[in-house]
Amino acid sequence: IRINILSCLHTITDCLCLSLFSQLGGCGILGVGIWLAVTQGNFATLSSSFPSLSAANLLIVTGTFVMIIGFVGCIGAIKENKCLLLSFFIMLLIIFLLELTVVILFFVYTDKIDKYAQWDLKKGLHLYGTDGNIGLTNAWSIIQTDFRCCGVSNYTDWFEVYNTSRVPDSCCLEFSENCGLHSPGTWWKAPCYETVKIWLQENLLAVGIFGLCTAMVQVQFNINFQILIY
C-alpha cells in the first residue's frame, strides 16, 4: 500500500511539474506575442484574405490556449479532480490529433497550398500603399529589401498594381526615391515567393520537424500521466 501511495504521489508531482512547465511556456509565448503586437504593430500579415493572421496574433492565441490547458492540468493534479483531469486529457488529445492532421494535409496538398498562397499574395499586392494597410505595406517593403526580390512570381506582378511599368522603391538594387520608375535593369529579378520558400526550407524545415516531434512526444507523455492519475 505504501509503495502504491508513493508511486501515485510521484506521478501526481511529475504531472504537476509538466502542467506548470506548459503554463510557463504559454506565458512566455503570450508575452512574446504581446511584445510583437506593441512594438511591431505596423508589421502584419501579407495575406489579404486573412488580415488578422499575423505572427503576433498567432502567438497570443497559442500562448493563451497553452496557458489555459496548463492551468486546467495544474488544478486537476492538485485537487485530484477527475473532471478536470479528463478535460486536460481531452484537450491534449485534440492538440495531438490536430498536429497530426495539419502535417498530413500539408504534405498531401502542398501543390494546392502553393497555388493558393501565390494567388492570395498577388491579391494582397493591390492593397500596397493604400490607407489602412500600413502593416501589409511595411511587410512587403521589408521582405523585398531583405531578400533582394521583387513581386510574388516576378517584378511584373507590380505592373498590374500600378497599371504601368513601375515597382515599389524597395525593389531597387540601390534604393533612392522613385527608383521604381527606372528601367528593369535597376530592380531585383528574384521572385519573393520562391526566395522566401527556399529560405524557409533551408532554415526552418529541420527546426519545424524537431519542434513538431517534440510537441507530439510531450503531448503523448502528458496523456500517459493523465491516464495514470485518472
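Quick reminder: no glycine exception, Cβ is built from N, Cα and C everywhere.
As given in TrEMBL:
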type     : residues      : note
DISULFID : Cys150-Cys171 : disulfide bond
TRANSMEM : 12-38         : transmembrane segment
TRANSMEM : 58-78         : transmembrane segment
TRANSMEM : 85-109        : transmembrane segment
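Note: Cys171 (disulfide bond) has non-local neighbours Gln144, Cys150, Gly151, Tyr155, Trp158, Gly180, Trp187, Trp188, i.e. same-chain residues 6+ apart with C-beta under 8 A of its own C-beta.
For Cys150 (disulfide bond), the number of other Cβ atoms no farther than 10 Å from its own Cβ, over all displayed protein chains, is 28.
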